[in-house]
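Chemist: This is the feature table in Swiss-Prot:
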{"type": "BINDING", "residues": "T75, G79, Q170, F273, S274, N275, E276", "note": "L-alanine binding site"}
{"type": "BINDING", "residues": "T75, N80, Q170, F273, S274", "note": "D-alanine binding site"}
{"type": "TOPO_DOM", "residues": "1-17", "note": "topological domain 'Extracellular'"}
{"type": "TOPO_DOM", "residues": "33-67", "note": "topological domain 'Cytoplasmic'"}
{"type": "TOPO_DOM", "residues": "112-148", "note": "topological domain 'Cytoplasmic'"}
{"type": "TOPO_DOM", "residues": "180-186", "note": "topological domain 'Extracellular'"}
{"type": "TOPO_DOM", "residues": "203-206", "note": "topological domain 'Cytoplasmic'"}
{"type": "TOPO_DOM", "residues": "234-258", "note": "topological domain 'Extracellular'"}
{"type": "TOPO_DOM", "residues": "275-300", "note": "topological domain 'Cytoplasmic'"}
{"type": "TOPO_DOM", "residues": "323-350", "note": "topological domain 'Extracellular'"}
{"type": "TOPO_DOM", "residues": "379-386", "note": "topological domain 'Cytoplasmic'"}
{"type": "TOPO_DOM", "residues": "404-408", "note": "topological domain 'Extracellular'"}
{"type": "TOPO_DOM", "residues": "431-453", "note": "topological domain 'Cytoplasmic'"}
{"type": "TRANSMEM", "residues": "18-32", "note": "transmembrane segment"}
{"type": "TRANSMEM", "residues": "68-89", "note": "transmembrane segment"}
{"type": "TRANSMEM", "residues": "93-111", "note": "transmembrane segment"}
{"type": "TRANSMEM", "residues": "149-179", "note": "transmembrane segment"}
{"type": "TRANSMEM", "residues": "187-202", "note": "transmembrane segment"}
{"type": "TRANSMEM", "residues": "207-233", "note": "transmembrane segment"}
{"type": "TRANSMEM", "residues": "259-274", "note": "transmembrane segment"}
{"type": "TRANSMEM", "residues": "301-322", "note": "transmembrane segment"}
{"type": "TRANSMEM", "residues": "351-378", "note": "transmembrane segment"}
{"type": "TRANSMEM", "residues": "387-403", "note": "transmembrane segment"}
{"type": "TRANSMEM", "residues": "409-430", "note": "transmembrane segment"}
Amino acid sequence: MDFVSLVNTVNSFVWGPYMLVLLLGTGIFLTLRLGFMQIHTLPYALKLAFSKHQDETSEGDISHFQALMTALAATIGTGNIAGVATAYVLGGPGAIFWMWVTAFFGMATKYAEAVLAIKYRTVDDNGEMAGGPMYFLEKGLPDHGLGKILGVAFAFFGAFAAFGIGNMVQTNSVADAVASNFGVDPLITGFVLAIFTAAVILGGIKSIGKATGIIVPFMAVFYILAGLVILAMNIGYIIPAFGTIFSSAFNFSAGFGALIGTAIMWGVKRGVFSNEAGLGSAPIAAAAAKTDHPGRQALVSMTGTFLDTIVVCTITGLVLTIAGLKAFPGLTDLTGASLTAASFDALMPMGGLIVTIGLVFFAYSTVLGWSYYGEKCFEYLIGTKGIRLYRIAFVLVAFWGATASLPLVWNIADTLNGAMAIPNLIGLLLLSGVVVSETKAFNEIRKNEAKNA
């Protein structure tokens, strides 16, 4: 077996049915243990996330909002444009429904990750917060060295996955899109991306937090508004589009079992790719937030899954479904970002250009968010002395990624990304009692706050 075949085999195993069951199963388990908390706490969580009065006095490096925007920067990426289209093509419109299901249970997973990340976070040699699965695994599961082993495994996979899925794959997508639409040489695009990446990440988490606090709201609103305009222009197709999604998710025609199975597989897989619930990446950003209690920031982190999948991915999914219902010629031969761009373009003048611009911002912000994730994993492994070197390497790889051919790199990074989830999910299941305890304590704080309000 050659190296490429080996990578593909390992990738198929890592992202096979067992992983998808583990990811979704952990979300269901945590949802039950936490009493479906994502339903009754979502309004309060959204209020916390977007409140003008951010916590500036508690321990931490950045605000609630900046921590959420940093996580969303890494989360809202090409998966929201290309990933949804891939799920739509390979799993049918019903895959979108299963993305919603994954997001619902993933909100509990994202909440639990953040609770543990903040509870077990520490201050590094530079005086900055350091947290995430590697720390809560080591501190929360100290017996027989299991936690340390799992923590090192997570950090190793995360440090290298950041260069692939969070860097080269993103800059390559930008270079391809800009070259296709504007004829710009990938070398030029790569150079510009490297300069802009360096300008932000060399300043550390505070610089990243400030940048993502501006870029993410702008790019999300820009893309969502464009999608809403298309939906308004095709308002008569919205209900039929939802009908198509639901009927495809529960297709009771001949061979429905295989059809439903395919829809579930691609919906869950692309849903996880999009919102990253269970991968263990987002809690690294949550650990940097200024907060008085793990539960408070965890609720803010939970909204990331809602905003990413229930809002942004739904916009993409509805546009794709409406374009499919209108049966525009040429769409059936496309997939990924090309299908999304063509669908937007068919339904609105300059729609394809909007998708291209959105893709550029989404991918660039992903590079910023993942640079911090990779840096913190690297720091856990070798200490703070190598951080600047890691940042410089990240900038250089951003340039290389824009000009390289990446099929093998994508599969390796994809595999490492999935491998991150395994130690993280083990930790979430074994430490679920801690999450429940912290949640009960925070609920008491909220009750007292309500009485004194």
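For all residues, glycine too, the Cβ spot is worked out from N, Cα and C.
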Chemist: Which residues of the same chain, at least 6 past either end of the topological domain 'Cytoplasmic' (379-386), have a Cβ under 8 Å from a Cβ in it?
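Modeler: That would be 124-126, 130, 132, 134-135, 151-152, 155-156, 159.
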Chemist: Would you confirm whether the transmembrane segment (387-403) and the transmembrane segment (68-89) meet the contact rule of 3 or more C-beta pairs below 8 angstroms, pairs 6 or more apart in sequence?
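Modeler: No; fewer than 3 Cβ pairs under 8 Å.
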Chemist: Under DSSP, the topological domain 'Extracellular' (323-350) has how many residues in helix, strand and coil?
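Modeler: Once the DSSP states are binned, the topological domain 'Extracellular' (323-350) shows 18 helix, 0 strand, 10 coil.
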Chemist: To the nearest Å, how far is the Cα of S274 (L-alanine binding site) from the Cα of N80 (D-alanine binding site)?
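Modeler: Rounded to a whole number, the Cα-Cα distance is 6 Å.
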Chemist: Do the transmembrane segment (187-202) and the transmembrane segment (149-179) share at least 3 Cβ pairs closer than 8 Å, excluding pairs fewer than 6 residues apart in sequence?
Modeler: yes
Chemist: Of the residues in the topological domain 'Cytoplasmic' (431-453), how many are helix, strand and coil by DSSP?
Modeler: 21 helix, 0 strand, 2 coil
Chemist: For the transmembrane segment (149-179), I need the partner stretch with the highest count of C-beta pairs below 8 angstroms, choosing only from 68-89, 93-111, 207-233, 301-322, 351-378.
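Modeler: Answer is 351-378, with the largest number of Cβ pairs below 8 Å.
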Chemist: Excluding the flanking five residues on each side, which residues at least 6 beyond the ends of the transmembrane segment (409-430) place their CB within less than 8 Å of a CB in that stretch?
Modeler: 7-8, 10-11, 14-15, 19, 22-23, 26, 29-30, 109, 112-113, 116, 133, 136-137, 140-141, 147, 150-151, 153-154, 157-158, 160-161, 163-165, 168-169, 278-281, 401
Chemist: Output the single range from 93-111, 301-322, 351-378 maximising the number of Cβ pairs under 8 Å to the transmembrane segment (207-233).
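Modeler: So the stretch in question is 351-378.
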Chemist: I need to check the long-range neighbours of the transmembrane segment (93-111): which residues 6 or more away from its ends have a CB within less than 8 Å of a CB in the stretch?
Modeler: 23-24, 26-28, 30-31, 34, 37-38, 42, 84, 87, 241, 244-251, 259-260, 262-264, 266-268, 270-272, 274-275, 277-278, 282-283, 298-299, 301-302, 304-306, 308-310, 313-314, 317, 320-321, 324, 428, 435
